[in-house]
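These come from TrEMBL:
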BINDING   494, 497, 534, 537  Zn(2+) 1 binding site
BINDING   503, 506, 521, 524  Zn(2+) 2 binding site
DOMAIN    270-435  domain 'Helicase ATP-binding'
């Protein structure tokens, strides 16, 4: 028998292996295998993508599978189909797509030790060499790599497997083994067991009453491994492995309050449940979108299916989890901060149907949830759904594709849908449900737009903003100040000679973090000890700009009696600490929250009545065709945090108050913004009217720029009938981690797009090895 195996390699090939019957479990498509690879036959983890009985003659030696370690497949055939689509659309290899989603706890590194046990049978010459070497070692064991060096046996793995099967050797996984929790169980074979000692009879009767018992339980009763082995060897007991999971305990189960949906919520719920396909639930902030999708999930679960809910940020998981547990009890969790063992456990729990509902971040989009009936993508417009490692997939789009492949409903949810989703809704390519009123019957916060060029202010705070904040705190309510920059100062330079303090590896200004007393690069993460004098002229540096630390400190100086908390990546990096901050905000412990994007996503703060957006112009990030969308969405989400349970208001400060995206956002004019944005993108041929593909090249030496541009020009000649090629230019961030960056946004019509992307991928693969290249299909920002 033979299997075709996908490995985590940047090549499109799969690899054929032979099975000999020494494996733990029979092969199936989607199962994990451990196979030798390369000249050194190093062990690698692979996934079976095909099983067949006959192989045409080949000039290559077909190697043997080392092990099939799991009783069940880790991927379904539909999931493999999805990974194939991901690899084609996002220009990666099939193996790279598969292993981007498989938890690393399933990977086995070759750090094995071979331990001598009992040899009581004739040996072949190679077996004898191996056994002799182990007998001569001081401990009776050697590493597999050491055996390779000393024996020079071409079929060493086969010899080791054969001797292990016969009980002569034990294979011990030394350090980074997989994180699968395998538990040995015992059961009776049915063979008569009379004439045993009283103690052994007690054990056998104990197992008979329970049908099967774990080896740990047997040991706890005082029976040795030797006793158990003897009963197994005599055929009285049978050993078998079971893979067990670590359950997720409910957080704080509360009695579920009965929720009465509004007529518009009920209408949306009914339509979502009655029409299978892609749905967009578009509702203003506070309109009860979560209640609608949780009711939809409840209905799906009652029909015997399961639900996967995706969220963009880890910090949103505890709050959503608490709400979901009110409906369903225990729920499964899957995100990047889980341990290796927890991720493996969650993956297996999904396969076995242990939970009715799973919540996860973008990595969970291909979680193999058994009998999946509904996928929910909350905050579908969020850029955090875009993966930053190859393949550069967008979890929202993969969720939509998964819904199509599995013939189930995918529900996209947002207060500010992406321009892409809004266009598809207008064209009738998905079902649109619009919630236009808040469930609390309170109006949206009244928003005042202030010009930072003309308003009286203290530092970054306008007097009107401070007066409003004072009134809010005095009334026992809370305020939130939003600025999407971490750190203290965002720019350090010399006023005398113009020297700018930048990262040595990246051509970007360093940010001063006062709490850590460090200059930090927000691109590569490199940290520097702060210096205060210019290395060129010796003058003292000027420190300018604002980040959350400076805003927090400025408020504390003005209002020393207030309790102020910072909510940004620096304070919530630890999920436990982040959850504690959120809890205390909800309990009303803090008067004012100072936060970045993390503070305005999906949280419901009961006492929050005021939001101040400090510098709205900065919310667009690097200037590209997404900037207006980012500004509009950020302002709407930020101001929408206020007044959900009590009357609220907001102030938006900006230097350019006439910017259309700002004007539309403060007036909650969704329709005008989307119509104008779509018209602009149509005129200039930007996504979503055409597919955008961001090509990024990196070179170590600027002298190679000419050679790079010649390669790009040849690429343009080869593919000009398929793509529009602009000029290759230095990136907005021209240098990262010591490499110079050059980018070009290619565009193409959507017709035959997979074939075009295949051509692009194959053509780009001929790039000289000294150049690094990245193909980012459907980018969410250009920086």
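Heads up, the Cβ atoms here are built off N, Cα and C, so glycines get one too.
Overlay of TrEMBL feature records on the structure.
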residue: 494; record: Zn(2+) 1 binding site; Cβ neighbours (10 Å): 19
residue: 497; record: Zn(2+) 1 binding site; Cβ neighbours (10 Å): 11
residue: 503; record: Zn(2+) 2 binding site; Cβ neighbours (10 Å): 24
residue: 506; record: Zn(2+) 2 binding site; Cβ neighbours (10 Å): 22
residue: 521; record: Zn(2+) 2 binding site; Cβ neighbours (10 Å): 20
residue: 524; record: Zn(2+) 2 binding site; Cβ neighbours (10 Å): 15
residue: 534; record: Zn(2+) 1 binding site; Cβ neighbours (10 Å): 20
residue: 537; record: Zn(2+) 1 binding site; Cβ neighbours (10 Å): 11
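The Cβ centroid of 494, 497, 534, 537 marks the Zn(2+) 1 site; residues of that chain outside this set whose Cβ lies within 8 Å of it are 495, 496, 498, 499, 535, 536, 538, 539, given in sequence order. Per-residue confidence over the domain 'Helicase ATP-binding' (270-435) averages out at a pLDDT of 94. In this structure, the C-alpha atom of residue 534 (Zn(2+) 1 binding site) lies 15 angstrom from that of residue 503 (Zn(2+) 2 binding site).
Of the recorded residues, residue 494 (Zn(2+) 1 binding site) and residue 521 (Zn(2+) 2 binding site) place their C-alpha atoms 18 Å from one another. Other than the site residues 503, 506, 521, 524, same-chain residues with C-beta atoms no more than 8 angstroms from the centre of those residues' C-beta atoms, the Zn(2+) 2 site, are 502, 504, 505, 508, 510, 522, 523, 525, 526, 736, 737. Cα-Cα distance from residue 503 (Zn(2+) 2 binding site) to residue 537 (Zn(2+) 1 binding site): 19 Å (rounded to the nearest whole number).
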